[in-house]
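Right, one structure below, let's go through it.
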């Protein structure tokens, strides 16, 4: 039973790897940015667990900034993806401009939350 589960997992990983190889480079860069933002949030949470969260507003601001940026990057990836038929009329420049504007608003709110 374990062999079939392990071979199924290997086959799934192999198929995901071949499908991801066909992904355009700009989407891979956005994926790396999302992974970076999530890893940064996890590092901040681990640091808070180890050291403590004396300025709790700072901790919340940092984590919410990372998570919010990751969410906005996922939205950017959805809009820039050529295979997505829902945003086919939206030019990529507009999607990137929306991403930058929303990040500015997000970080203004986070800076205001810091006090």
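Here the Cβ of each residue, glycine as well, is placed from N, Cα and C on the backbone.
TrEMBL: automatically predicted annotations, no manual curation.
Sequence annotations record features per position, and here TrEMBL assigns transmembrane segment to 32-50 (among others). Under 8 Å from some Cβ of the transmembrane segment (32-50) lie the Cβ atoms of residues 59, 62-63, 66-67, 69-70, 73-74, 77, all in the same chain and six or more residues away from its ends.
TrEMBL lists 56-76 (among others) with the feature transmembrane segment. Non-local neighbours of the transmembrane segment (56-76) in the same chain are 30, 33-34, 37-38, 40-41, 44-45, 48, 95-96, 98-99, 102-103, 106-107, 110-111, 113-115; each lies 6+ residues outside the stretch with a CB under 8 Å from one of its CB atoms.
Per TrEMBL, the feature transmembrane segment maps to 96-114 (among others).
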